[in-house]
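Trainee: Before we start, here is the structure in question, set down as structure tokens.
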Amino acid sequence: MAIPKVGINGFGRIGRIVLRNALVAKTIQVVAINDPFIDLEYMAYMFKYDSTHGRFDGSVEIKDGKLVIDGNAIDVHNERDPADIKWSTSGADYVIESTGVFTTQETASAHLKGGAKRVIISAPSKDAPMYVVGVNEEKFNPSEKVISNASCTTNCLAPLAKVINDTFGIEEGLMTTVHATTATQKTVDGPSKKDWRGGRGASANIIPSSTGAAKAVGKVIPALNGKLTGMAFRVPTPDVSVVDLTVKLAKPTNYEDIKAAIKAASEGPMKGVLGYTEDAVVSTDFCGDNHSSIFDASAGIQLSPQFVKLVSWYDNEWGYSRRVVDLVAYTAAKDN
């Protein structure tokens, strides 16, 4: 089967890390990038140098108005309106929508006008079908032209929640994500009309925040709809986050059996998506980790046979971007 050709709209954190992952995974080929705010020279610079993931280990050049990475020429567009991007001229059948702006079916479907067959939104969506690789991708229907890869936190939480619910049953639960800083935050205190706390300086504060990640699990795993909710604490670290899932179980059990169930899933049906460790790890140990979720067996605690706190790490940039690549490749295979 031919490798699917892909366009990326929005060359920010996720757009750039998706490209790095695509070059490593080799399951998709990026043939075009659109960003109205980044010219070609700056695009090459931003891709080559990364404060979190390090310098790109390969060649980055500009030739004939194209971005050339390791000999692969990528067309560059600078359109503001997705409907104006000529994806077809580059042969891009699939578009990764990573601006964070066009997150509904209506707005993201504008890419279809330029020749794309399908749009994969790298963010949660209010109305597009959401898929978490390793959890519910088998429900994908090729007739769906706009889909969402959900959020990085949902991608961490859903595999863990699925294993626990399938094995022991979840009656209800609360999630907290201790989340690394992202681009929407402020370097120093600044205006943030909708979220006053979110306007405070990212490097100086632990900032309580809202997140729809836990509720979104109910869309991905219908059996958990209405059973989970959660919140976030934004912390002054550049990357890698951690989920704390505290649940009331339907079936009494012990922590060793919980560990065994998660370990079995990590070595079986969820291999590559769900990881497992018993080491004394900290956040930087997971920078660049491909997994969506890495269960920290030695960090969890159990209060009673039906009440337990589980801890799972995730690289909210790298691991999430790898799943975006995986979802594109999966849907493309279903088209053939």
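Glycine is treated like the rest: Cβ placed from N, Cα and C.
Quick paste from Swiss-Prot:
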type     : residues                                               : note
BINDING  : ARG13, ILE14, ASP35, ARG80, ASN316                     : NAD(+) binding site
MOD_RES  : SER59                                                  : phosphoserine
MOD_RES  : SER125                                                 : phosphoserine
BINDING  : SER151, CYS152, THR153, THR182, THR211, GLY212, ARG234 : D-glyceraldehyde 3-phosphate binding site
ACT_SITE : CYS152                                                 : active site, nucleophile
SITE     : HIS179                                                 : site 'Activates thiol group during catalysis'
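Each of these features: where is it, how hidden is it, and who are its neighbours?
Mentor: Listed in sequence order, the residues of the same chain lying 6 or more apart from ARG80 (NAD(+) binding site) and placing their CB within less than 8 Å of its CB are PRO36.
Within 10 Å of the C-beta of SER59 (phosphoserine) there are 11 other C-beta atoms, taking all protein chains into account.
Residue environment of SER125 (phosphoserine) contains 23 other Cβ atoms, counted within 10 Å of its Cβ in all protein chains.
When secondary structure is read from DSSP and collapsed to three states, GLY212 (D-glyceraldehyde 3-phosphate binding site) falls in the coil class.
According to DSSP, CYS152 (D-glyceraldehyde 3-phosphate binding site) is assigned to a helical segment. Listed in sequence order, the residues of the same chain lying 6 or more apart from CYS152 (D-glyceraldehyde 3-phosphate binding site) and placing their CB within less than 8 Å of its CB are SER241, TYR314, ASN316, GLU317, GLY319, TYR320.
Other C-beta atoms found within 10 angstroms of the C-beta of HIS179 (site 'Activates thiol group during catalysis') number 23, with every protein chain shown included.
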Trainee: For the recorded D-glyceraldehyde 3-phosphate site formed by SER151, CYS152, THR153, THR182, THR211, GLY212, ARG234, name the remaining residues of the chain with Cβ within 8 Å of the site's Cβ center, in chain order.
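Mentor: Result: THR177, HIS179, ALA213, ALA232, SER241, ASN316.
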Trainee: To the nearest whole angstrom, what is the C-alpha distance linking ASP35 (NAD(+) binding site) and SER151 (D-glyceraldehyde 3-phosphate binding site)?
Mentor: 21
Trainee: At its widest, how many Å does the recorded D-glyceraldehyde 3-phosphate site span between Cα atoms of SER151, CYS152, THR153, THR182, THR211, GLY212, ARG234?
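Mentor: Pairwise Cα check on SER151, CYS152, THR153, THR182, THR211, GLY212, ARG234 gives a maximum of 16 Å.
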Trainee: Once near-sequence residues are set aside, which residues in the chain of SER151 (D-glyceraldehyde 3-phosphate binding site), 6 or more away, have Cβ atoms under 8 Å from its Cβ?
Mentor: ALA123, PRO124, THR211, GLY212, ALA213, ALA216, TYR320
Trainee: Quick check for you: of the recorded positions ARG13, ILE14, SER59, SER125, HIS179, which have their Cα within 10 Å of the Cα of ARG234 (D-glyceraldehyde 3-phosphate binding site)?
Mentor: HIS179
Trainee: Which state, by DSSP, holds ASP35 (NAD(+) binding site): helix, strand or coil?
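Mentor: The residue in question, ASP35 (NAD(+) binding site), is coil (DSSP, three-state).
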Trainee: Taking the Cα of HIS179 (site 'Activates thiol group during catalysis') as the centre, which of the recorded positions listed as SER59, SER125, THR153 lie within 10 Å of it?
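Mentor: Matched recorded positions: THR153, sequence order.
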